[in-house]
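Read the structure below first, then the notes.
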């Protein structure tokens, strides 16, 4: 009994003499997370789960953001297989990468984005760090803004934008605003609305721009429109934050897809840039990306680099090794790079071809609607203009799965199912 009177009674002994204490202790131990609510399912992953449960042999999954070949199968680029074989033959170690990543990968990524003859590269007034794909690049950039962009907390996103943009910037401590971008009447770019809204954005705010193949709409500004946007950005002294997840994958030409980024820099606008190799190299699960900041001079770039490393260290310490080695091998080996560029163009051309076939099949079905926006849009995704109730019918009656906003992944369309898709769309829109 001495233990009970010492004021330091063992919990088990005290509980034996006081059943109420046992119940209270049990309640305390089991109720840490009773306040945690069930979160909503991811809308795109939810589409995939519903697709998997469907037993219809004609079912189509047009929600997934990954390339598929014309048989509807995942595609590993032959250049990636070659790079993997070359790397394996070297019997390399698995040591940690530096905080900023694989140096030869970072250098090659900057060259791919900005152009090999870029003044920025020659002067050294930039920093590139390897990131955990495009999402990681965005988060590193957002966290850097939160810590060092002293002018504003507002980030202006196009309406609509990739669904992950909002939580990435919000969770980093930034505030989200919007500007007009997509015109549902034309299923095209609302150029007038975009320029009007950007012209009214408070000076020294952050403007997020999709460099090419806008997700989710597939609607991109034309070069002359980009020029006017750049003029407004420069006049309003806005910070241009580019997300470039589809270089080469949009048009089949990497230089063409990077045109907007390069034009802004040529106009004296110091941008930051997020890159991903998920789509254009098919390295989805390898998580290969880069974040680049264009600075005033080389000294500023070194200071920014030091702070980016300080941000990265407590997040994940070092980026993954394998995917960066693959990408670096492809970008830095002339024959592999040439092969890769041809393969990227092949993927882009297949998607462009599927757009054309879909419109052709809709006409064959007798549709009198104007479907030109399907071929006008670019990249993996197409904003069909379908209404939520029409999407619901496609899912229930035809087992064609997509997100409620009518966005489809054209990469999921093949020459064997494009006719079925056109028939179904015609049935719900006639």
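Cβ coordinates are placed from backbone N, Cα and C, and glycine is handled just like the others.
Of the residues proposed, 39, 46, 65, the one Swiss-Prot records at the same substrate site as 162, 215, 407 is 65.
Taking the Cα atom of each, residue 404 (N6-acetyllysine) and residue 162 (substrate binding site) are about 14 angstrom apart. Considering only the recorded positions 59, 162, 185, 227, 313, the residue whose Cα is spatially closest to the Cα of residue 364 (N6-acetyllysine) is 59.
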